[in-house]
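Beneath this line is the structure, given in structure tokens, with notes to follow.
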Amino acid sequence: AWVHGDPRKVIYPTDSYGQFCGQKDTLNENKTILFYFNILKCASPVVLINLQCPTTQLCVSKCPDRFATYIDVQASYRYKPDQWNYFRQFCKPGFNNPRKSVAQVLRDEDCPSMIIPSRPFLKRCFPDFSTKNGVLTVANQTTFKDGRGKTRNVTDLREAANGINNVLDARSVGMKIFEDYAISWYWILIGLFIAMIVSLLFLVLLRFTAGVLFWIFIFGVIGIIGYGIWHCYWEYDHLKGIPGSDLTVYDIGFQTDFRVYLQLRQTWLAFMIMLCVVEVIIILMLIFLRNRIRIAIALLKEGSRAIGYIMSTLFYPIVTFILIAICISYWAVTAVFLATSGEPVYKVMANQTLCKYANLTCDPETFNTTNVTKLCPGAQCTFAFYGGESLYHKYIFIFQLANAFVFLWLVNFAIALGQCTLAGAFASYYWASRKPADIPLWPLFSSFGRAIRYHTGSLAFGALILAIVQLIRVILEYLDHKLKGTQNSFTRFLLCCLKCCFWCLEKFLKFINRNAYIMIAIYGKNFCTSAKEAFFLLMRNVVRVAVLDKVTDFLLFLGKILVAGGVGVLAFFFFTQRIPVFAQEAPTLNYYWVPLLTVIIGSYLVAHGFFSVYAMCVDTLFLCFCEDLERNDGSTAKPYFMSASLHRILGKKELSPKKA
């Protein structure tokens with residue numbers, strides 16, 4: 001990839017001669033935009049972006065800003081030279097022969113038959129479509145001359161205009177979103193900082209008030225969802241009787257301005273029903289699991305105590321984030337180089353629909369010496385796309401799969417390293433006879449060193465198994481996408497079953513790997529032995545696993561939702577200028593949901609980073625507890641290492657004194 005790739009193929013558009021637009025130290029250095037001679041030949045914007053539109057493509061310095069036809073310009077070039085000079089910049093380089101017949105010019109595509117007011121998008125000239133009073137227009141005009149003696153309506157561009165207009169609408173939305181980010185980025189950072197402080201504060205307080213805080217978590221989530229239900233009902237009732245509010249989403253279709261949907265009663269009714277379903281599910285789970293939740297809270301208190309002694313573990317997710325960011329960067333850059341490894345492929349472009357040479361590959365250097373131009377007058381050998389027929393180019397897809405596999409392997413290894421490091425640190429807490437006196441001085445760094453020095457192979461092997469399953473899932477998704485629309489019912493059923501099976505297998509392997517890394521951190525055995533011992537240990541305590549582990553995960557998930565929801569509600573009131581104290585400080589936005597969603601998602605990820613450490617702590621302590629019960633009996637010779645409170649809560653009535 002590094003030898004054959006050329007990222008310029010992605011950065012710069014390519015004209016019909018295979019030259020990059022805007023590349024420095026070339027003739028096109030100041031011509032950064034790609035112009036299409038006949039945009040009508042391009043059926044969809046996808047064709048344009050893939051550089052496969054069957055018309056001449058030329059690098060220009062700016063897009064046309066007016067309507068003009070070659071016929072009119074040629075007829076008036078003697079007394080209106082300015083118009084000719086303007087039009088000529090959209091002709092082939094070096095063409096300056098207005099005396100050449102119009103038919104020959106259009107046949108040879110020396111110049112476009114017409115130019116249309118356009119705007120640059122993705123470094124390409126797209127017609128300046130807009131809607132005026134519900135009518136599609138180009139530069140506020142509904143008709144234009146096509147350069148071949150006909151006046152056409154803008155609606156004649158419908159096939160191309162529909163797709164292009166969607167892209168331009170997306171561009172408009174994208175620009176507005178970019179503006180919103182530019183205006184509100186520092187407020188977004190403040191929101192994420194608040195989420196980090198709240199997450200840290202909760203984790204610190206859990207050491208002392210785990211029970212109280214987690215019941216606050218639970219009722220806080222119920223309260224937030226309850227407020228959401230009330231707000232949806234208020235909006236639903238408020239819109240009653242307002243003209244147009246009773247329309248359905250189907251009636252108005254897709255709209256780029258999402259605020260339109262908020263004017264419909266149906267939208268708020270759907271939101272209210274979904275929130276009610278979620279609320280009922282949470283309440284039912286709390287009713288049936290209330291006793292188990294008390295046990296889980298006790299285990300979390302022990303986890304809080306462990307984190308309190310090893311506070312540095314809270315910041316280890318930053319290391320994992322950096323490692324994964326490096327993996328993603330390496331994969332993305334290599335993928336770009338692989339994708340741009342192709343050679344320029346040229347194809348015959350003919351104006352005549354019956355030309356048998358149309359769309360065949362050609363060589364631009366020898367094209368004029370062939371008889372193609374004689375059999376198909378006006379045919380040209382133009383750049384189509386990047387590809388190749390060599391052995392290397394045939395296997396680029398295989399190389400991309402290999403690159404994806406390496407990416408999955410490295411990411412899983414980075415996650416495994418973090419899990420093993422945290423497990424080692426928390427295990428050193430559990431197996432200390434006297435806490436905190438017997439805890440190592442630098443437990444996190446010591447555990448990280450052990451993982452790197454002794455367990456790299458085991459972690460890599462576990463990551464390899466998981467990466468293979470994930471790669472198979474990627475291939476199945478690719479096959480499903482490729483075969484969509486052409487497959488029969490049996491094929492769809494088979495693919496669906498395979499995708500479901502491998503999804504389940506991936507979840508199972510993640511569970512086994514996580515506990516295997518804990519056993520590796522405790523005993524230092526190889527991956528297979530640790531995975532087997534962890535699996536059978538968990539099976540012997542399957543009831544405790546189902547109750548404590550999953551209820552704990554549920555409680556931690558509620559904590560993440562509360563942090564994200566609380567910060568999200570605060571951000572909602574701020575960005576909608578509903579907080580009187582900060583009403584003047586709140587920025588004026590095109591879409592307030594842009595920074596709002598960013599804050600909510602970012603807050604959830606921040607909370608997830610801190611709470612994932614807590615989850616790993618609880619899992620490690622639980623596995624250590626199960627191992628402690630099997631290895632020791634509470635006697636003087638074999639005392640338990642668990643704390644008295646944990647021992648009392650999880651089933652033993654008396655705790656023998658530990659050895660000093």
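Each position is counted from 1, following the chain as shown.
Placed from the backbone N, Cα and C atoms, the Cβ positions cover glycine too.
Sequence-distant neighbours of the transmembrane segment (185-205) (same chain, 6+ residues past either end, Cβ-Cβ under 8 Å): 213, 304, 307-308, 314, 559, 563-564, 566-567, 570-571, 574-575, 587, 595, 598-599, 602-603, 606-607, 610-611, 614. The transmembrane segment annotation in TrEMBL covers 185-205 (among others).
The transmembrane segment feature in TrEMBL is assigned to 212-230 (among others).
Annotation source TrEMBL lists transmembrane segment at 268-289 (among others).
TrEMBL lists 309-333 (among others) with the feature transmembrane segment.
Here TrEMBL flags 406-431 (among others) as transmembrane segment. With a cut-off of 8 Å between Cβ atoms, the residues of this chain six or more beyond the transmembrane segment (406-431) that come close are 306, 309-310, 313, 316-317, 319-320, 323-324, 327-328, 330-331, 439-440, 443-444, 446-448, 450-452, 455, 459-460, 462-464, 466-467, 470-471, 474, 513-514, 517-518, 520-522, 613, 616-617, 619-621, 624-625, 628, 641-642.
Annotation source TrEMBL lists transmembrane segment at 452-476 (among others). Panel annotation: around the transmembrane segment (452-476), residues 401, 404-405, 408-410, 412-413, 415-417, 420, 495, 498-499, 502-503, 505-506, 509-510, 513, 516-517, 520-521, 524, 526-528, 530-531 of the same chain, lying at least six beyond its termini, place a Cβ under 8 Å from a Cβ of the stretch.
Sequence annotations record features per position, and here TrEMBL assigns transmembrane segment to 554-575 (among others).
Here TrEMBL flags 596-616 (among others) as transmembrane segment. Counting residues 6+ beyond its ends, the transmembrane segment (596-616) has Cβ neighbours under 8 Å at 181, 188, 191-192, 194-196, 198-200, 203, 206, 300, 303, 307, 313-314, 316-318, 321, 419, 422-423, 426, 552-553, 556, 559-561, 563-565, 567-568, 571-572, 575 in the same chain.
Sequence-distant contacts of the transmembrane segment (309-333) (same chain, six or more residues past either end, CB-CB distance under 8 Å): 200, 203, 403-404, 406-407, 410-411, 414-415, 417-418, 421-422, 425-426, 429, 435-436, 439, 443-445, 609-610, 612-613, 617.
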